[in-house]
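Each remark here refers to the structure printed beneath this line.
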């Protein structure tokens, strides 16, 4: 960019006074040219941090080059017309490693698809910052720890599939307030307590909670504490 600005200055000096554009004009144009790159680099940095945390034996992330202006040319990444990342599709990609907090910086992300891998570690609480997220698919991995309460802030979330992992703790009651939820599947984990029965959970089938040996069944509102059997 520096060489481009120097060249522009030289061309500006060659012009007659009547032809020369005000110096603020080309400076403003140069600053505008940097704006998409700033967005792209921020999101690219976040995704590259994810890449560094993953083991990728099949090289599905080979195109994730941090030297590019933005990540919209990377395989398995989709952007909108403003070059903001809206999808990350890495399901069934033979990946291992762990998730990173930087994913919470992808503020326009709508779909995070990382199912059927061998990802370990915990679900970062920072995923609760993804206010535009529609689908969070982390099923069929080896993810442990609790389901973050911060996921209750995802007011656009429709699909939450966390089944077939090693999750522990209760089902966060904050999820009851996510009215957009249509699908919740947390089966085959080690969750405890009771199953919510209000809000969107009124219409979630009970088999989406099965194979959690310490999960006690639907809560009885006002009669039983939902976190019983959790320690």
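Placement of Cβ uses the backbone N, Cα and C atoms for every residue, glycine included.
Bear in mind that TrEMBL entries carry predicted annotations, made automatically and left uncurated.
TrEMBL lists 43-80 with the feature domain 'Leucine-rich repeat-containing N-terminal plant-type'. For 89-185, the entry in TrEMBL reads domain 'Disease resistance R13L4/SHOC-2-like LRR'.
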If I take every residue in the domain 'Disease resistance R13L4/SHOC-2-like LRR' (89-185) and average their pLDDT values, what number comes out? 98
Do you know the DSSP helix, strand and coil residue counts for the domain 'Disease resistance R13L4/SHOC-2-like LRR' (89-185)? 20 helix, 26 strand, 51 coil
